[in-house]
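Taking it in order: structure first as structure tokens, then the write-up.
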Amino acid sequence: MSIDTIVAIATPPGRGGVGIVRISGPNAYAIALCLNGNKALQPRLATFCSLYKGNNEVLDQGLVLYFKGPHSFTGEDVIEIQAHGSPVVLDLLIKESIAAGARLARPGEFSERAFLNDKIDLIQAEAIADLIQASSDTAARMALKSLQGDFSKKINQLNEELIYLRMYVEAAIDFPEEEIDFLNDGNVSQLLQKIIGRLEDIRSQANQGVLLREGLSLVIAGRPNAGKSTLINNLAGRDVAIVTEIAGTTRDIMREHILLDDIPLHIIDTAGLRDSDDLVEKEGIKRAWQELKRADCVLLVVDINNPDQQNSLLNELRLTLPNKIPIITVYNKIDTTKLTAKCDEHTVYLSAKTGEGLDELKKVIKQVVGYQPTEGQFLARRRHLQALDEAKALLLTGQSQLTNHKAGELLAEDLRLAHQTLCEITGEFTSDDLLGKIFSSFCIGK
């Protein structure tokens, strides 16, 4: 439990009908009495009060709500003052609260206290920020599922199975004189494989959540005049890039953000890739390659009337980019041929000018990045994926120790490390540095 009391404005900056000031800590109730002229407050009831300055001058009127700890969001005594949404009034309430003994809260400190007081776990704390920042209806619903504990329950169930397996393995090590060889009776191997399978399922679901939360960096590349800028204009539904018949019109990076079936898509148009003596164009090409190396997915746009462009540039991309970055080849300008729009796993035929084939392109993008919306989906972060991948690697190492070497002690250690890694997701075992990084990204007042 914290020894100091914090205060912050909990509503967005600017003017509004209502503004909320939140106070949390051991002196929250006493500070509220200083502000409302010593008018008694009942827990979990809204009380209409005049709000005073230190000189007993009325500064506003509003509702004051008292949540007595531990039955509050933070687990501490919490006061919420609903005043008129004037920045001046809210600032005065903050100043009076500080004068009465509070200090200004750090970003995310209310949620941090809720976590430290076991009111929420780390996944739920992150979900609060994700819900506030959600970019679509689906992302908001999935963030709410994480806040309600859907993701946490899956991790906790996995940990329970892992704890049982650890007990089984360590019992086999501690009691080697037993007639039954627990490590070789097949039960340990079956339990371990079941846990690995469940972890893979959770990882797949979490990946969908990461796509919804963070979106994709989609870089459009190709030779000059292949139709890249026309394509980004069509995807955006408006003219964001200059389009001319002159090759090399695009010199710098062009960015646009859209939603693709609720996935935030960060589209990046780049300069045409070719050898050039023009200093400005060379810089644009250099930046294009930098963006390509950071991409989640690359669209290689090829003029269908010049298909020879495709082979040399595709080979160059494959040699230069990491293998994990998928490349979709887009044959553009089918409106100048007798071809119709079509697609397969990594290839699309379309017309960026007319929009024919655009739906096929969107379908292929979702397939290539593995987006498959399912029931029970929740929002997740990249750190969750990293922890799940690390835990899986440890379990596979332990499986190898069991299968190839019958090394019970080494298996037990890998299981322990995997368990600890999974606990980092919910915050049961988490470094102070990680906590500071997570909560500092929150809004003040949350």
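Cβ atoms are placed via backbone N, Cα and C, with glycine included.
Annotated features, as they stand in Swiss-Prot:
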| type | residues | note |
| --- | --- | --- |
| BINDING | Arg22, Glu80, Lys119, Lys446 | (6S)-5-formyl-5,6,7,8-tetrahydrofolate binding site |
| DOMAIN | 215-370 | domain 'TrmE-type G' |
| BINDING | Asn225, Thr244, Ile246, Thr249 | K(+) binding site |
| BINDING | 225-230, 244-250, 269-272 | GTP binding site |
| BINDING | Ser229, Thr250 | Mg(2+) binding site |
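Mapped onto this structure are the features recorded in Swiss-Prot.
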| residue | record | DSSP (3 states) |
| --- | --- | --- |
| Arg22 | (6S)-5-formyl-5,6,7,8-tetrahydrofolate binding site | strand |
| Glu80 | (6S)-5-formyl-5,6,7,8-tetrahydrofolate binding site | strand |
| Lys119 | (6S)-5-formyl-5,6,7,8-tetrahydrofolate binding site | coil |
| Asn225 | K(+) binding site | coil |
| Ala271 | GTP binding site | coil |
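A straight line from the CA of Ala271 (GTP binding site) to the CA of Ser229 (Mg(2+) binding site) spans 9 Å. In this structure, the CA atom of Glu80 ((6S)-5-formyl-5,6,7,8-tetrahydrofolate binding site) is 51 Å away from the CA atom of Ser229 (Mg(2+) binding site).
For the pair Lys119 ((6S)-5-formyl-5,6,7,8-tetrahydrofolate binding site) and Ser229 (Mg(2+) binding site), the C-alpha distance works out to 50 angstrom. Separating the Cα atoms of Asn225 (K(+) binding site) and Arg22 ((6S)-5-formyl-5,6,7,8-tetrahydrofolate binding site) is a whole-number distance of 56 Å.
Most Cβ neighbours within 10 Å, among the binding-site residues Arg22, Lys119, Lys228: Lys228 holds that distinction in the structure as shown. Looking only at the domain 'TrmE-type G' (215-370), the predicted model's pLDDT averages out at 81. Cα spacing between Arg22 ((6S)-5-formyl-5,6,7,8-tetrahydrofolate binding site) and Ser229 (Mg(2+) binding site): 48 Å, rounded to the nearest whole number. In this structure, the binding-site residues Asn225, Ser229 were compared by how many other Cβ atoms lie within 10 Å of their Cβ, and the smallest count belongs to Asn225. For the binding-site residues shown (Glu80, Ala271), fewest C-beta neighbours within 10 angstroms: Glu80.
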